[in-house]
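For reference, the structure is listed below as structure tokens.
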């Protein structure tokens, strides 16, 4: 059986790669594998398939003899935070993050609130393979009670992380992407005194990630133009990422957030070895500017779990991805978009500086272009020989073009895509090289497959 786990848990189109039967087996296998007797915490995003997958997983957990707590619709970071806070055995988040509405996923966290290891994934996979029965989908979804008290504990922790600072006097616009941030983002910012306007704020699972959120900033930019504010924040669907926009429409991505937040920690002398952890996607302009002020940037493979591993290994206190996935010591290194947005707002208020001026003090990014090569096949389902040939081809392309620019090529871990990042000193060079590389690489990959 092909591994059901990708780079970030289990992910796929509902009723195709991710079925009711598979979700049931995941719940059963997880419950059967855990030694700790305390309940398993479960949350989900607003996707339409979330309810039926929740029922499947909880049915499997019940069959294993374990108990569960249903948190309902919630931000992904609430799950790892509450696992550790409440001493729970494990946790599951039903979400496909930035993927389209027809996708869903299952992220599993251990008793420490960390994503499970490859070893643990293999144990679950083995048990699933041994569970041969095909589970039929029930005709009716049974509503499950949700635990609102735990959600209140998570919300309180975000407010406490403000260290007594309020946001009075700040006008802020939030794009909650029809997703998990709709549950609490507006209320948290308002409770701290901010004047808040929210867009895309209904729990509409059919609209998530569709022309909104952290991967499409046009609605937030439009809202800031129509109704001027000090800043805006756009969350991804499960609220573990965030991208900011200043009053002039300039983008504050994960690289800028790391630089500005990191510089604050450096000045407070609490940034271990002046070290930040990021990935191969981090902008070269960010790296050069960070080194110029005495900082060290350590790059990992793409994915928050690789950032987390490096943070642990290097004993860093801050890391993240350009996509807005920021991991800090504040909340046990779980990416939390709402927490990140609050911290940026806090520093602006505390320093009495508008985000536009603060952003100007960071760095000028190098022109960068990310292009997706769409595939009509799943790389993970190819033969080992074909996968090796594709990996070698990617390696050769990166080496061939490295003298002209910075090139980073990787297959997506969640979609049938190959992502090509090209970075150079001019937009013209980036565009021409990006076009050349993607066209030639597409031809080479088609030769391998055909």
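Each residue, glycine too, has its Cβ placed from N, Cα and C.
On a predicted model such as this, the values are computed, not experimentally measured, just so you know.
As given in Swiss-Prot:
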- 97: active site, phosphoserine intermediate (ACT_SITE)
- 97, 236, 238, 240: Mg(2+) binding site (BINDING)
- 97: phosphoserine (MOD_RES)
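Distribution of Swiss-Prot features across the structure.
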residue: 97; record: active site, phosphoserine intermediate; Cβ within 10 Å: 26
residue: 236; record: Mg(2+) binding site; Cβ within 10 Å: 30
residue: 238; record: Mg(2+) binding site; Cβ within 10 Å: 33
residue: 240; record: Mg(2+) binding site; Cβ within 10 Å: 34
C-alpha spacing of the residue listed as 'active site, phosphoserine intermediate' relative to residue 240 (Mg(2+) binding site), in angstrom:
8
Taking the recorded Mg(2+) site as 97, 236, 238, 240, identify the other residues of that chain whose CB atom sits within 8 Å of the mean position of the site's CB atoms, giving them in sequence order.
45, 76, 95, 98, 179, 180, 235, 237, 239, 241, 335, 337
Could you give the Cα-Cα distance between residue 97 (active site, phosphoserine intermediate) and residue 238 (Mg(2+) binding site), in whole Å?
6
